[in-house]
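Novice: Here it is, the structure, as structure tokens.
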Amino acid sequence: MDTSTSAYAPLPGEDPLFSGHPPASLRRSWKGFAVIFASVLFLLSLVGLIIHQGPQQPPDVMPDKQDEHHHPQSTTPASETTASWEPRGKALGVSAKSNPPVSDELSYNWTNAMFSWQRTAFHFQPERNWMNDPNGPLFYKGWYHLFYQYNPDSAIWGNITWGHAVSTDLIHWLYLPIAMVADQWYDANGVWSGSATLLPDGQIVMLYTGDTVDAVQVVCLAHPANLSDPLLLDWVKYSGNPVLTPPPGILTTDFRDPTTAWTGPDGKWRITIGSKVNTTGISFVYHTEDFKTYNMSKGVLHAVPGTGMWECIDFYPVAINGSKGVETSVNNPSVKHVLKASLDNTKVDHYALGTYFEENETWVPDNPGLDVGIGLRYDYGRYYASKTFYDQNKERRILRGWINETDTESDDLAKGWASVQTIPRTVLFDNKTGTNLIQWPVEEIEELRLNNTDFSDVLVEAGTVVELDIGTATQLDILVEFELEPLESSETVNSSVGCGGGAVDRGTFGPFGILVIADETLTELTPIYFNLANSTEGDVITYFCADERRSSKAPDVFKQVYGSEVPVLDGEKHFARVLRALRKEVGR
């Protein structure tokens, strides 16, 4: 193990006084126990680092400012103005790539070699062109199926079809021919997002959003042409499509993304569909016996004022106890129901936990202060339009979402591709906190590990960076655990609240974490770190953050600081997992 240390290179404009060791009177140390698993898929040098900042704060770093919509579960930088984001395809009311504006005068001299190493190895992406929402996931006859919004003609949004891929392990994927194309009047402007339902008799129902020749969003039905085909190569659209149209009072561009169906006590199937009334996000409930004719419930499943259009809704149960997933139709005292909506206004996936009342077909959140669009998120980075499915093969619920890059449209055209899917995650109820979900990469990803490098009892003093010699690798699965020295009776944690100040916002404990995608001079790097703060009640709050501001030297890439509060219970250590193929973080 290399025990040498070096100072954290200061941000441009940072006072060099604070880039090295703090005064001796302010020095503290903490212990980091790190286990780094390296899967070498192709050669590229990368240095693994652990970082801890001393308690000083540079004078040019502003403290975290919370706006009037701030909630303790999330933090965003003051420079982030999601309300001004303009996604591609906005006029058509669909989810598409959205980035805060980057000056047209900024550009970077990208090369093909640079673009090639940006292709991922852990994450699914097509061979070329544009991809967005995951659609209709299911397990059938030994194969996991992933459908996805796909433009076969270009690396930007448009001409949306359903791409199709299959896998036996959720990691290695086989590309298949396009499953459905925009070839009918009711989906002439796009075969948009939808969901699969496996029926007890073995039938498969696929409901999707069609955008008609007149730009009206409708729900359409399709089914496999040959159920004996495990690859489900061919799909047939129902001759009576569309099966649902926007109800009275709903705009024709605000009715989309039917969910997986579930059964009620009367034996009828239910689905929910996202919409809005003025600025109130809502989810309609429809009943059906044959998936061809429907009746709308008198009320709505749920509504939250001020959240705007709800799209890509997901609705499913999670067991209060145990480590297994729950089939979508289960509803009893042993489960809670998750309602998730992708907010079109902000391009954020929010979820909430609550109770589903079958008698009036409404869902009520456990905590109104953490309602859909207000509190919890699946993810605080680039993540949208997520979808779960129940994997009957391993009795688990699997979650997947869409990640779009923060570069420009011209970069996408130069690369020839855009967007990836997240690593599939299992979803469970956190019965320790009782207030949130636990997400974890599926176990199959561990099969990609080729070499293990183990570091333990690494002592890191305040204001230092410790280099860990992991050899040559480009794909890493990093597990790191930190143990902090206990506070002395006279000490308090005086860090700024949240993640907004970034990795140079220093407190008594923190930030501490790891640096990934770092060059030798530490001028280009991405800190993934914990930060501690005091609550108004005097308790210690833990935040898990990522600081992208020095993640790339390219000026035409949007960079931000993001993160959220994470529960760390008494007696637990600070644990993080980072998949360094795309850089995805999980903390607890």
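Cβ atoms here come from the backbone N, Cα and C positions, even for glycine.
These numbers come from a predicted model, not from an experiment.
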Novice: According to Swiss-Prot, one residue in Asn226, Asn295, Asn360 is annotated as N-linked glycosylation site; name it.
Specialist: Asn226
Novice: According to Swiss-Prot, one residue in Asn109, Asn159, Asn321 is annotated as N-linked glycosylation site; name it.
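Specialist: Going through Asn109, Asn159, Asn321 one by one, Swiss-Prot flags Asn159 as N-linked glycosylation site.
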Novice: Say Swiss-Prot lists Trp130, Met131, Asn132, Asp133, Gln149, Trp157, Trp192, Ser193, Arg256, Asp257, Glu311 as binding substrate: which of Asp344, Asp349, Asp366, Asp371 is in the same site, per that record?
Specialist: Asp344
Novice: In Swiss-Prot's disulfide listing, Cys499 is paired with one of Cys312, Cys545. Which one?
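Specialist: According to the record, the bonded cysteine is Cys545.
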Novice: Within 10 Å of Trp192 (substrate binding site) (Cα to Cα), which of the recorded positions Asp133, Asn226, Cys499, Cys545 do you find?
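Specialist: Asp133, listed in sequence order.
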Novice: Please work out which residue of Asn132, Gln149, Asn159, Asn226 has the most C-beta neighbours within 10 angstroms of its C-beta, and give that one of the recorded positions.
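Specialist: For the recorded positions Asn132, Gln149, Asn159, Asn226, the Cβ with the most other Cβ atoms within 10 Å is Asn132.
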Novice: Are any of Asp133, Asn226, Cys499, Cys545 (the recorded positions) within 10 Å of Gln149 (substrate binding site) when you go C-alpha to C-alpha, and if so which?
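Specialist: So the list is Asp133.
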Novice: Calculate the per-residue pLDDT averaged over the topological domain 'Cytoplasmic' (1-31) and state the result as an integer.
Specialist: 36
Novice: Given that the record lists Trp130, Met131, Asn132, Asp133, Gln149, Trp157, Trp192, Ser193, Arg256, Asp257, Glu311, Asp344 as binding substrate, what is the largest C-alpha to C-alpha distance among them, in Å?
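Specialist: Greatest Cα separation within the listed binding residues comes to 21 Å.
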Novice: With an 8 Å cut-off on Cβ-Cβ distance and a minimum sequence separation of at least 6, pull the same-chain contacts of Trp130 (substrate binding site), or say none.
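Specialist: Set apart from Trp130 (substrate binding site) by at least 6 residues yet with Cβ under 8 Å, we have Tyr150, Asn151, Ser154, Ala155, Ile156, Trp157, Gly158, Asp412, Trp417, Ala418, Ser419.
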